[in-house]
Amino acid sequence: MHVEELRASLQSFGWLDYLVFCLMLAICAVIGIYFCLQLRRESRKQKANGSEEAASSAASYLVGGRQMKIFPITMSLISSFISGITLLGTPTEVYLYGAQYMYIMGSLVLMGFCMYYFFLPVFHELNLISTYKYLEQRYNRSLRLFGSVMFIVASLLWLPIVIYVPAIAFNQATGVNIHIVTPIVCVVCIFYTCIGGLKAVVWTDVIQTLIMFGAMALVLIKGTLDIGGPGVVWQKAQETARLEVPNFSADLSERYTFYSLVLGGVAHWLKSNAISQNMIQRYLSLPTLRDARIAIWTFIAGVLAFLMICGYTGLLIYATYSQCDPLETKLAQRNDQLLPLLVMDTLGSYPGLPGVFVAGVFSAALSSLSTGLNSLSAVVLEDFVKTFRKSPLTEGQTAFVMRSVVVVFGIIFVALVFAVEKLGAVLQLTITLSSVANGPLLGIFTAGVMLPWVNSKGALLGGFSSLIVMAWMCISAQRDLVTGDLVYKRKPYSTMGCNYTFAGEPREFASLALDGAISSGPSAPFQLYRISYLYFTLFGALVTIVVALVTSLLLRETDLDGVDTRLLTPFVRRWLERRRHRRSKIPDPGQKASNKQETKT
């Protein structure tokens with residue numbers, strides 16, 4: 001059998017699979033309709049009570065009236081965070097480059113402590129809807145607009161990839177063109193996000209998270225049984241050095257080292273969780289800071305469990321195809337089709353189960369897309385419309401703005417999928433491109449809560465400087481990957497055991513070289529943009545902080561006594577308050593001399 005015939009035979013998506021998939025979409029639409037009716041009931045009740053219609057309408061739509069429960073919010077956080085990018089990208093990374101990437105889980109725990117102590121107490125006390133209103137309170141309106149624009153840019157770079165990922169899985173399972181299925185699924189997502197608000201998004205996330213976990217559990221259990229048990233998986237992984245101790249190399253260009261995974265990983269998780277409107281909006285929908293802190297740790301526990309499942313799945317893919325690499329034979333035409341290929345290979349003979357998996361991948365994508373659209377609605381309303389409009393909005397105008405934003409951006413994201421198709425593997429692509437906007441943003445927020453010396457001029461200059469540097473780095477790095485000038489060595493693989501024909505000769509690829517970057521020549525000079533992609537967000541944040549702090553200190557315009565302590569993280573707040581208390585006890589030298597003269601008299 002030729003590889004083309006085998007690929008076609010694996011695309012055995014039957015009517016029961018389509019039924020399962022459509023059922024998932026129907027459930028999401030029904031949830032949206034239910035919460036749309038609930039929002040209307042709340043609106044009528046508020047009118048009867050004479051409350052502020054527009055403000056209460058926006059709070060209900062965007063933060064669920066700040067009365068959400070911990071369980072659905074935690075599930076929503078997990079579902080929003082674990083997009084299809086993680087679902088397909090993490091197993092692919094482990095298959096190609098080994099399990100070194102999984103040490104990034106340690107940085108997720110460190111991120112939890114940073115959220116718990118530094119960021120969340122500040123944001124929750126300020127009772128915000130838009131995270132970027134903090135920047136206006138801490139600096140000025142220009143920084144608020146800069147932060148909001150950066151969030152929109154980051155969403156434009158990230159969400160099209162989120163949409164594209166499940167379309168890859170659907171294409172592998174059915175053969176249907178990605179540009180046919182993408183608009184259909186996105187219309188459903190835009191529909192329930194538009195009419196139902198945050199509550200619809202959160203409760204569809206709950207359903208989607210359960211489907212996602214169930215789909216991965218099916219693949220993991222059935223695939224492990226087929227291969228002969230977990231012992232076979234571990235053995236094959238050890239034989240090809242896919243199970244590794246931490247790499248303590250100081251080479252910044254190596255794909256994964258202990259330092260890039262820990263230091264770069266913390267910055268990567270922070271920009272996704274601590275300063276992102278997508279995530280903060282959910283924490284702020286909980287009534288108390290205590291509830292939000294509980295949600296942090298339950299969210300981290302869920303993400304860690306899911307990352308372990310994805311990491312093991314990557315090893316399982318290698319164990320299944322250790323003698324016939326599907327990428328070399330073109331059975332899988334893209335790196336990110338490895339997991340869908342495994343699913344169709346192991347579950348294809350069970351009607352309905354491939355449909356569950358594809359529904360799970362689309363659930364991960366829909367949760368991230370609906371979260372992003374809801375957050376963009378909040379940012380546009382709070383940071384642009386309300387900021388520049390002199391008269392307050394009516395309830396009808398508020399509803400129109402929020403829903404229009406969802407529809408317009410939804411259409412834009414679907415259109416941008418055409419560009420994403422040409423740009424490479426999704427996990428590295430997402431982290432690299434999102435660093436353009438998120439590096440400067442993380443730096444501005446971190447300087448705001450941690451460094452009271454930083455003023456608005458310094459922060460703005462730091463943000464723009466970092467934006468220019470990060471744009472150059474990310475575009476250069478992605479260009480080199482696309483053109484082949486930058487290559488990462490894979491772990492060993494083979495095509496000696498294939499039972500089908502393909503272009504080329506069966507070969508054994510047994511090089512155990514490190515997974516470092518290979519430049520165009522052995523004596524090529526060090527180039528900054530060729531550092532590990534995990535450092536990108538950290539580097540962008542550091543550039544912002546250093547430029548902002550140095551500029552602020554040189555200008556000498558910061559009045560520490562005038563900084564609002566509510567805008568600082570608790571331990572900096574206590575230090576500044578103690579400093580002010582000590583200064584208040586030190587008498588003025590001129591006043592002291594006057595007092596001495598009065599005493600003599």
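A Cβ is built for glycine as well, from the same backbone N, Cα and C atoms used for every other residue.
The structure displayed is predicted, hence computed values, not measured ones.
Taken from TrEMBL, the feature transmembrane segment applies to 15-37, 70-89, 101-124, 145-170, 176-195, 294-321, 356-380, 400-420, 426-451, 458-478, 533-555.
Note on the transmembrane segment (533-555): residues 104, 252, 255-256, 260-261, 263-268, 271, 428, 431-432, 434-436, 438-440, 442-444, 446-447, 451, 453-455, 457-459, 461-463, 465-466, 469-470, 473-474, 477 of its chain, located 6 or more positions outside it, place their CB under 8 angstroms from a CB of the stretch. Counted over residue pairs separated by six or more positions, the transmembrane segment (356-380) shares at least 3 Cβ pairs under 8 angstroms with the transmembrane segment (15-37), which defines the two as touching.
Where the transmembrane segment (458-478) meets the stretches 15-37, 101-124, 145-170, 176-195, 294-321, the count of C-beta pairs under 8 angstroms peaks at 145-170. By the Cβ criterion (under 8 Å, sequence separation of 6 or more), the transmembrane segment (101-124) is not in contact with the transmembrane segment (176-195), since fewer than 3 such pairs are found. Residues 25, 28-29, 31-33, 35-36, 163-164, 166-168, 170, 201, 204, 362, 365-366, 369-370, 373-374, 403, 406-407, 410, 413-414, 417-418, 421 of the same chain sit 6 or more residues outside the transmembrane segment (176-195) yet have a Cβ under 8 Å from a Cβ within it.
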